[in-house]
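Participant: Below you'll find the structure I mean.
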Amino acid sequence: TEEGERGPECVQHLPQPFPDTSARIPAHRRLKYISLAVLVVQNASLILSIRYARTLPGDRFFATTAVVMAEVLKGLTCLLLLFAQKRGNVKHLALFLHEAVLVQYVDTLKLAVPSLIYTLQNNLQYVAISNLPAATFQVTYQLKILTTALFSVLMLNRSLSRLQWASLLLLFTGVAIVQAQQAGGGGPRPLDQNPGAGLAAVVASCLSSGFAGVYFEKILKGSSGSVWLRNLQLGLFGTALGLVGLWWAEGTAVARRGFFFGYTPAVWGVVLNQAFGGLLVAVVVKYADNILKGFATSLSIVLSTVASIRLFGFHVDPLFALGAGLVIGAVYLYSLPRGATKAIASTSASASTSGPCTHQQPPGQPPPPKLSSHRGDLSTEPFLPKSVLVK
């Protein structure tokens, strides 16, 4: 009969026992630690290297040229990676790029706006780091968490928990204390640095970062495309827009002195870090949950502060320590999964009212499924932009 013929097929589709994943746990844990190290080193080293290159005596390089070079190298790297994915077949790569970039030109044009904003942001970062100590910039730059959250609420109708709103208030308070310490003249200040201009640049950079990330998520939600294709498209727009910004801001000086004027090994280190460091983070960030990202940000603040003391003679006074501590605590609280505090509160309430839990599963019933602990789930981080942007 028909049912008899379908019997073996049904047997084949019976659920199989779950494989033993205990052997993969140490490997996954190692990947998390590696991703933590990469995130910390990249976050801290980029800011420290820019500060070092911008404060060296002698001819100062044009920041707009460094932004353009980073976009060029990033785009070429993504092109090579796509070439490798096509197994070295030039024809297949050309057909793929023609389809993805030209035929689907609407998706390509959607990237023009975030690319413009991120090009502006990269230039503003040079202005900010040139006028603020690296540790002060690192702390103040965490305002991008606040701007991203606000734009997520306004543009994506996301909601934040009370703990998240409290952590944002704590974050703002900590940044305000650090800036009060900076305005009060904490430590020696070079004559060619303007803390007011640095603060304005970092605030504008945080606003652009928050808006671009949320806008990117809004317009590209549901669209296909690998991380390398998206960054190649961003690199094309970023190079073109960076050249326009170079011509508008420093065109005459660059034409007179040359594109690579003032370039030293330290400057090339900044360019390479900005181009390849971001791509490396894009690879490892999938192994980092939200808490790990927050922990990496906190460690990078500490590392930048310690390195600034050794490299630039930065002075840490109690006011800066208080502000930085508040920011680190706020970052950690904000990175907690959304349901963590509710779960803790409900567990505590049930324990206090009914005593020890004595509930047992009825005989013959399967155990209830465990909730996923994967922090990348939208249910645990509804306020973070899901983008493949490498800034």
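The backbone N, Cα and C atoms fix where each Cβ goes, and this holds for glycine too.
Marked as region 'Disordered' by TrEMBL: 350-391. The feature transmembrane segment is assigned by TrEMBL to 33-54, 60-83, 165-184, 196-216, 228-248, 260-285, 292-313, 319-336.
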Participant: Considering pairs 6 or more residues apart, do the transmembrane segment (260-285) and the transmembrane segment (196-216) have at least three CB pairs under 8 Å?
Facilitator: no
Participant: Using a Cβ cut-off under 8 Å, which residues of the same chain at least 6 positions beyond either end of the transmembrane segment (292-313) come close to it?
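Facilitator: For the transmembrane segment (292-313), the sequence-distant neighbours (Cβ-Cβ under 8 Å, at least 6 residues beyond its ends) are 32, 35-36, 39-40, 43-44, 47-48, 51-52, 55, 133-135, 138-139, 142, 187-188, 285, 324, 327-328, 331-332, 334-336, 375.
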Participant: In the same chain, which residue numbers or ranges, 6 or more beyond the ends of the transmembrane segment (228-248), come under 8 angstroms Cβ to Cβ?
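Facilitator: Tertiary neighbours of the transmembrane segment (228-248) are 62, 64-65, 67-68, 71-72, 74-76, 78-79, 81-82, 85, 100-101, 108, 111-112, 114-116, 118-120, 123, 220, 254, 279, 282, 388-390.
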Participant: For the transmembrane segment (60-83), give me same-chain residues lying six or more residues beyond its boundaries with a C-beta closer than 8 angstroms to one of its C-beta atoms, as numbers and ranges.
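Facilitator: Contacts of the transmembrane segment (60-83) (Cβ under 8 Å, skipping residues fewer than 6 from its ends): 53-54, 90, 93, 96-97, 119, 122-123, 126-127, 130, 226, 228-229, 231-232, 234-236, 238-239, 242-243, 245-246, 249-250, 253-254, 259-264, 267, 270-272, 274-276, 278-279, 390.
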